[in-house]
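So the structure is just underneath, and the comments pick up after that.
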Amino acid sequence: MSAAQVSSSRRQSCYLCDLPRMPWAMIWDFSEPVCRGCVNYEGADRIEFVIETARQLKRAHGCFQDGRSPGPPPPVGVKTVALSAKEAAAAAAAAQQQQQQQQQQQQQQQQQPQQLNHVDGSTKPAVLPAPSGLERYGLSAAAAAAAAAAAAVEQRSRFEYPPPPVSLGSSSHAARLPNGLGGPNGFPKPAPEEGPPELNRQSPNSSSAATSVASRRGTHSGLVTGLPNPGGGGGPQLTVPPNLLPQTLLNGPASAAVLPPPHGLGGSRGPPTPAPPGAPGGPACLGGPPGVSATVSSAPSSTSSTVAEVGVGAAGKRPGSVSSTDQERELKEKQRNAEALAELSESLRNRAEEWANKPKMVRDTLLTLAGCTPYEVRFKKDHSLLGRVFAFDAVSKPGMDYELKLFIEYPTGSGNVYSSASGVAKQMYQDCMKDFGRGLSSGFKYLEYEKKHGSGDWRLLGDLLPEAVRFFKEGVPGADMLPQPYLDASCPMLPTALVSLSRAPSAPPGTGALPPAAPTGRGAAASLRKRKASPEPPDSAESALKLGEEQQRQQWMANQSEALKLTMSAGGFAAPGHAAGGPPPPPPPLGPHSNRTTPPESAPQNGPSPMAALMSVADTLGTAHSPKDGSSVHSTTASARRNSSSPVSPASVPGQRRLASRNGDLNLQVAPPPPSAHPGMDQVHPQNIPDSPMANSGPLCCTICHERLEDTHFVQCPSVPSHKFCFPCSRESIKAQGATGEVYCPSGEKCPLVGSNVPWAFMQGEIATILAGDVKVKKERDP
């Protein structure tokens, strides 16, 4: 036996493409042996459905009428499916008809004169008919007759489209489409820009394993039966595993005969298009403009037809059941957000009185944590999912201890409020993993907070708020764990503005009056839901919308001009004239929309612009008092900007961040707008603004002695950008700590490195350079 014969004997034919393949190119995990090319093309989650469709087509068309090889024998344990009674009757009739034709041909041959060594070309097919592929493999006479009849039908209808209807009296084999496959289950190949068919895609391993086991045992338990023959005739019904059908088919009525749409079917959902009374069989709509529903009739007669709709949207929209699930999920999300806003409103309404009556441990913890807000948090598994913590409160049930409640906005600037860490972590997990079924045990294990904005020092929120702190058994960890407040300039308003949706319009700009409190608890949520669901006529809806926009316009100017002052007050900072030891005043609302940084379209244009208001507030932060010796550091750009009437460029506006002092004192005071806007208020300076762009625009100063730094030679802490030290102060700090051991930041703190809890320390080479002596270089010139 030659090598070619050995190679050919080892080859195995694919059940779908009938091409000889080597054993390594075959896959035996399905009900029929198929090659890897077919599996990759069709997809492992759809291959079993394609195999079942091909099996029905081969059975209906008499098996391999094109003369192809019948393929390999089935694997051990696979039982052949017997033909139905209707198929057997049709095959017997076709066999009898073929025998009569053969007898007539033999009689004609006997009547014609025999010619030796010559055969006329015109009589060759009649005298010596070419053997078909079925005769080569010795199939049964019934199958051969069925194949011959199917071949005759195919020759007549191969290039006819749509296929002619098949009457009940004729053969049950349906006419084929131009590609040789019949019915909508022929799976015409999709165009590159079209999506896959809307099947219930599951894991390839689970679906293939389940279907292969069921097929090899010879049973059809758990399969969906009752689907019509792909040809539309009275042939065998299609049996499909339920995990390969869309959810719309599984959830629909059992009497509806539905077939999955072909690959190339597009268009949006439309109403079912029943077949007209005179249309025999109601052929399936395989092509057409968008909006045409794919309808399949289950009965070939013209008297009655059952039509079912397969709704497939353009660009692969989900079935109706999934869309309804999305709508329910969206409705639940709106209700949850309304309830969270109601809780926030209840928490902010009487905060000063309620906090004063709480135990000392609870009050101190809340004051400390409120002084850190707002600060950013992110999802541990996906760092692009950002939110911000902006408020804290303590709640207690009857007979239970106090428990910490925190309010988180996610995404930042969206106005969506979550009243627990687990709630926002679950939403982040769903946005990241697209998994709506799993819940997270503790959100504090999945959230990270940034200790200082821009430093990259992200730490686990569970380390800042362990269980003992959340139940007020212990105090808040040290100042090195507390985050520093940061207010994003792109969305300076906090979600506390959302609680003023149902309040009356605020006072005119500059008065500082606050609108009355909103309804609390169940009432606020009910009012929001009632407003959403009330079926008002269009006129009343438009008038209500205009009224709401007018209220927003009236509140916008006051809110924009006092945005920074109010948000700092909302964080729990002491206001001017307020005692630092007592509880903070209740945070006022900021306006109806937290992310509105531009006025409404029809807002009055005669007031101060929002950028000018923000600049005026930022200008008052130009002078900072040192927490050590009281020597002031003036920002020349800020003072020049206040003393000049020239317009200010947006590039010089500082970032809206609020930073705590190094010694952990969080009772920072707030700088109000300039005296020209509020003549009765005194200017108050924050304790320290070390790394704002406005401070950096002035001369560099040492953090310890506040002397002018040398222009190129100074010590910069890699963890905290505001820690800048001159060589003399650094030398004294190194000597005080001892040059032989670990020498940490000259500020006296153990500043952790970015992304870890390991504190930064000097290297020996750096210590040697600093202790070597003064470096004589010129100092920065005064501007």
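Even glycines carry a Cβ here, placed using N, Cα and C.
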Where Swiss-Prot places phosphoserine when the choices are S534, S692: S534
Coiled coil according to Swiss-Prot, located in which of 85-112, 169-196, 225-252: 85-112
Residue from S203, S609 to which Swiss-Prot assigns phosphoserine: S203
Helix, strand and coil totals (DSSP H, G, I; E, B; other) for the zinc finger (702-749): 11 helix, 7 strand, 30 coil
For the coiled coil (85-112), the mean pLDDT of the predicted model: 71
